[in-house]
Amino acid sequence: MPEVSTGDFVVPGDLLATAEEFVPGNGAYEEDGKIYAANAGVVLVDARTKHISVFSRGAGVPTLKRGDIIIGKIEEVRDQNATVVIGALRGREDRALPPPNVGLIHISQTDAGYVKDLSREFRVGDIVRAKVINANREPVLLSTVGDDLGVIVAFCSRCRSPLVRQGKKLVCESCGNVESRKMANDYRKGVL
Amino acid sequence: MEKPEKLIVDGRRLDGRAPDELRPLKIKAGVLERADGSAYVELGNNKVFAAVYGPREMHPRHDQQPDAAVLRCRYSMAPFSVEDRKKPGPDRRSMEISKVTKEALEPVLFLELYPRSVIDVFIEVLQADAGTRTAGINAAAVALADAGVPMRDLVSSVAVGKVEDTIVLDLIKEEDQFGTTDMPVAIIPRKKAITLLQMDGHFTKEEFKQALDLAFRGCEKIYEVQRQALKEKYAIKESG
């Protein structure tokens, strides 16, 4: 029998169960054959999978997982890949994301169709919304395939002022430069 | 500060406490809006805030550790926290306390989970009456748990000392200043492991054993209050 039952409140260091009976899940750790709480929160005992976990209601350190939506800034654009510094995780904007906070968008994961030139889709300094497709790699693999994903703010590559959307093109109001991007459908609507 | 004629009269201390009695202790978790985790501790006339930020990417980058997070502690006293105005900013004393606080908390953290990150702990003393480093450690431990940083255990801390040949728990300013010995102790309650032990003054071997035993009992009481603070924070979230 575990030392605690589902719904009990525990703080770090509380004994949950012995390691022979259970596997430590989220917010739990094993030491000297015993399982202890690593977070303050409520215990969840899963008798079927033999996992014992501690949940601290929404709080805790943010971590990336597959399917998460992130906001980031393009740091570098190469032939095949664009590098993104991840600034915020949707739903956890309250807190900084600890490393690994660098992502990579491969040219094949940029848009639904064929992309010939990645520098026509992203430029350094652009703010993008992307989806995590593999969080176990470093850099994290990202994708902007989808109408709601892509650049949400772009800057003129000549004068750095924000670009304005005109149909499928982006126009710079200060120098007249015309550029293109893989835009999200709410480009410059102020929505994260 | 005038030296009182006697620090202990009929087994009672200046503030009426027994030698093995703690000052009134109040701990609240999650008091600061913008911090990732925070706590407020009142121990007698000590008033201390602790704020935790992170784990987050560490700057400057040359201080990053490729395989683990770094714990960065800053203990600081407000200029109005003591009788004579304290010059603001880090000084020799607060740098030392920051260092020992970091070393007192490090053993309970899973730093290896967050490579290249930093966990920042800020301890601000608003009002001081001896034992601020122990109050700061107690606050920081609760703040870290409140931030959801994975921990092996909490850390509880208290000072013991010798005043007029009596071993006493949780010294006040007069006892610290005019007593013989002041010894702050921090422990990991479950393992009964010591993570901080400093001593100003002297003990005989017997006195030391007695004092350490008293510190452990004091820490256990503090640990219970720390637990309660975290539980209350959780209950508030549940209803809100």
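Glycine is treated like the rest: Cβ placed from N, Cα and C.
TrEMBL does not curate its annotations; it predicts them automatically.
Model, not experiment: these values are computed from the prediction.
What TrEMBL says about this protein:
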- A:67-145: domain 'S1 motif' (DOMAIN)
- A:C156, A:C159, A:C172, A:C175: Zn(2+) binding site (BINDING)
Can you count the other CB atoms that lie within 10 A of the CB of A:C172 (Zn(2+) binding site)?
20
A:C175 (Zn(2+) binding site) CB neighbourhood, other CB atoms within 10 A:
11
Cβ within 8 Å of the Zn(2+) site's Cβ centroid: which residues qualify beyond A:C156, A:C159, A:C172, A:C175?
A:S157, A:R158, A:R160, A:S161, A:L163, A:E173, A:S174, A:G176, A:N177
Across the domain 'S1 motif' (A:67-145), average pLDDT on the 0 to 100 scale:
95
Let's see if you can do this one: DSSP helix, strand and coil counts over the domain 'S1 motif' (A:67-145), in that order.
6 helix, 35 strand, 38 coil
On the three-state reduction of DSSP, what should I expect for A:C156 (Zn(2+) binding site)?
coil
Please state whether DSSP places A:C172 (Zn(2+) binding site) in a helix, a strand or coil.
strand
